[in-house]
Amino acid sequence: MTENNRAGAVPLSSILLQMITGYWVTQSLYVAAKLGIADLVADAPKPIEELAAKTGAKAPLLKRVLRTIASIGVFTETEPGIFGITPLAALLRSGTPDSMRPQAIMHGEEQYRAWADVLHNVQTGETAFEKEFGTSYFGYLAKHPEADRVFNEAQAGYTKQVAHAVVDAYDFSPFKTVIDIGAGYGPLLSAILRSQPEARGILFDQPHVAQAAGKRLAEAGVGDRCGTVGGDFFVEVPADGDVYILSLLLHDWDDQRSIEILRNCRRAMPAHGKLLIVELVLPEGEEPFFGKWLDLHMLVLLGAQERTADEFKTLFAASGFALERVLPTASGLSIVEARPI
């Protein structure tokens, strides 16, 4: 008797079917996030007619979406046609410290559409997003402010969730000046500065992002110790930091562009400086790892990639750095530490 035929075993066909239809879940969560359902039921369960009226949806159709995702723990149907919050659904609220609503929206809109062309991407090498939209992903964001805002909110939300794991895994006490390159709204830099009251920071990103980050830094209680600088890391980065942090940045770029960023960091860095890359470092072999899926996502969006430790060594060798160590964190991210040579 095979494993698949034993009483109670889930048929392999059922397992594969669940994988094949995964996009059903993505888009159902997108509907709930986009319509703001979690905000509407945060204080108490609401009837579907009220939810439909407030969101401009058709009540019978919205009910079908909500009852389906309630079956996987996202919302609960407390009585027939009345839906309430659950711990998972609470993550889809707006403006909360642990909100994942921007991520659900981001992955359900342009990024979702790009995945329709992944076969073309694999066969031709043309980035799927560029095939779908006729421009690069960051070029698209530059022309679509709302998509850019959602992207930066999603990035900030994810980084905020993992920042404490990074701070717990690494000793930042030797550094007086911390420079975060491509920092977004600065959740990681804020966490580092809160852990090191004597340190000062510089947040570096595109001018419009750096400008928006000032308010976030003040809200985090570190605005008086952290400056913001707008610029282009392909041209130059702020000089004389004791440590340069590139968190979830190099995976947005191919090797050539990544080396350009690293060389600019090397030129700006004093001899005693450190470089910290915070990313999902790919393990060798077949073990399941979220970073392998993110590697494909970077291919689809940007023609870029996640990397192994050896691939980071190659980048460092071409840009004036030497790998010192790779430190895992509780978040799944790793801290790749390098020194200038």
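Using N, Cα and C of the backbone, Cβ positions are placed for all residues, glycine too.
Site annotation (Swiss-Prot, ligand S-adenosyl-L-methionine) includes Gly231, Asp232, Phe233; from Asp171, Asp180, Asp205, Asp255, the additional listed residue is Asp205. Counting in whole angstrom, Asp205 (S-adenosyl-L-methionine binding site) lies 16 from His251 (active site, proton acceptor) by their C-alpha atoms. Nearest to His251 (active site, proton acceptor) in space, judged by Cα atoms and limited to the binding-site residues Gly231, Asp232, Phe233, is Phe233. Neighbour density around each Cβ, counted as other Cβ atoms within 10 Å, peaks among the recorded positions Asp205, Gly231, Asp232, Phe233, His251 at Asp205.
Largest Cα to Cα distance within the recorded S-adenosyl-L-methionine binders Asp205, Gly231, Asp232, Phe233: about 8 Å as a whole number.
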